[in-house]
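Asker: Annotations per TrEMBL:
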BINDING   Lys66, Lys90, Ser344  substrate binding site
ACT_SITE  Lys102  active site, proton donor
SITE      Asp142  site 'Important for catalysis'
BINDING   Thr185, Asn216  NAD(+) binding site
Amino acid sequence: MNALAATNRNFRLASRLLGLDSKLEKSLLIPFREIKVECTIPKDDGTLASYVGFRIQHDNARGPMKGGIRYHPEVDPDEVNALAQLMTWKTAVADIPYGGAKGGIGCNPGDLSKSELERLTRVFTQKIHDLIGIHTDVPAPDMGTNAQTMAWILDEYSKFHGHSPAVVTGKPIDLGGSLGREAATGRGVIYATEALLAEYGKSIEGMTFVIQGFGNVGSWASRLIHEKGGKVVAVSDVTGAIKNPNGIDIPELLKHKEATGILKSFSGADSMDPNEVLVHECDVLIPCALGGVLNRENAADVKAKFIIEAANHPTDPEADEILSKKGVIILPDIYANAGGVTVSYFEWVQNIQGFMWDEEKVNLELKKYMTQSFHNIKNMCQSHDCSLRMGAFTLGVNRVARATILRGWEA
């Protein structure tokens with residue numbers, strides 16, 4: 001099941017539990033606006049190349065729309081639509097005053113030079129500048145984009161609208177980016193994990209963890225688990241997988257990855273089959289890579305007691321059912337990886353106030369939001385006698401539905 005079908009399915013289940021009016025349900029699903037633009041740029045060799053850019057603005061009942069921009073060859077309207085809708089529910093779960101959006105350009109950023117990427121980003125911004133804005137739609141980095149991409153968008157947007165640092169988040173610190181933003185998703189995952197484990201009288205210390213994916217989120221999560229006395233017993237990324245039953249020395253592994261770019265040559269652990277990582281013996285499994293990695297083929301063999309979804313949509317619905325029957329507790333992506341968008345919100349707030357916070361304040365506020373959201377989800381689980389995933393979806397959908405009704409959606 002693809003991300004759009006799974007998101008729609010979870011939304012419909014949540015709206016049944018909440019007893020939403022069928023007309024309201026339909027209205028909540030339909031995106032506010034879909035934008036498609038043609039971006040033609042001169043390549044470095046003088047030839048012209050054209051790329052299609054998208055921005056789906058899903059819902060603005062609770063505030064400006066918010067979501068990443070990805071540069072990827074397979075950016076298509078369906079996927080962008082699912083991710084925009086997911087952002088609507090995610091910002092509502094985190095209780096930050098945003099709606100959902102998502103965008104992208106169908107290109108392979110690896111095939112473009114830095115100056116070509118800059119031209120493409122600027123043309124895309126020129127085409128959509130009047131449809132994004134501080135109080136309208138606030139983009140952020142995503143797959144294939146980064147702080148530099150945001151800096152170009154900020155500069156191009158400011159040519160039309162004057163200096164506007166709050167128009168994008170995930171910017172370089174020198175242009176008004178927030179301290180703590182780089183670690184935010186990984187740190188949020190850890191705060192979410194702590195909140196969940198505390199429910200079972202456990203803490204990170206002494207527990208064993210498996211991390212699938214060692215990019216930004218996976219590496220930060222590993223580092224923080226190591227600092228808190230947890231044992232990371234297996235790690236994988238696109239270059240391979242490693243294990244050590246006594247716990248991997250994460251600071252050393254990070255140095256090794258920085259120096260060589262590959263995991264499996266690390267001397268402090270043994271190489272293993274990457275397909276075995278998800279079913280490796282551990283207390284807590286944290287998928288931080290791609291969607292759909294837990295499916296009906298491998299779900300029955302998962303040995304973890306807890307799964308923390310740091311990636312978007314890592315567990316497909318069939319796997320969800322198998323794992324629930326086994327008694328595995330799954331902390332859903334819509335909440336578990338909301339640390340990134342929460343600190344993006346803090347960045348936006350700092351830009352609007354023109355007042356920067358120190359990193360300690362950012363992390364303290366993030367912990368407060370993640371912990372409070374967990375308790376709100378648990379309350380929904382008790383009210384509707386449902387799983388954590390449905391608890392999170394009912395919480396998010398209910399908040400958006402309430403805001404929509406209060407604003408007078410039928411007028």
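Just so you know, glycine gets a Cβ as well, placed from its N, Cα and C.
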Asker: List, in sequence order, the same-chain residues at least six positions removed whose CB sits under 8 Å from that of Ser344 (substrate binding site)?
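Answerer: Result: Lys66, Val138, Ala140, Thr169, Gly170, Ser178, Arg181, Ala184.
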Asker: What subset of the recorded positions Lys90, Asp142, Thr185, Asn216 lies within 10 angstroms of the residue listed as 'active site, proton donor', using C-alpha positions?
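Answerer: Cα filter at 10 Å returns Asp142.
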Asker: Which chain-mates of Asn216 (NAD(+) binding site) that are at least 6 residues away have a CB under 8 A from its CB, listed by sequence?
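Answerer: Same-chain residues close to Asn216 (NAD(+) binding site) (Cβ under 8 Å, separated by 6 or more) are Glu182, Thr185, Gly186.
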Asker: Greatest CA-CA distance (Å) over the residues Lys66, Lys90, Ser344 that the record ties to substrate?
Answerer: 13
Asker: Taking the Cβ of Asp142 (site 'Important for catalysis') as reference, which residues of that chain separated by at least 6 in sequence fall under 8 Å from it?
Answerer: Gly67, Gly68, Ile69, Arg70, Lys102, Gly104
Asker: Whose Cβ lies within 8 Å of the mean position of the Cβ atoms of Lys66, Lys90, Ser344, the substrate site, other than those residues?
Answerer: Gly67, Met87, Thr91, Ala94, Ile96, Tyr98, Gly100, Ala140, Ala338, Gly340, Val341, Thr342, Tyr345
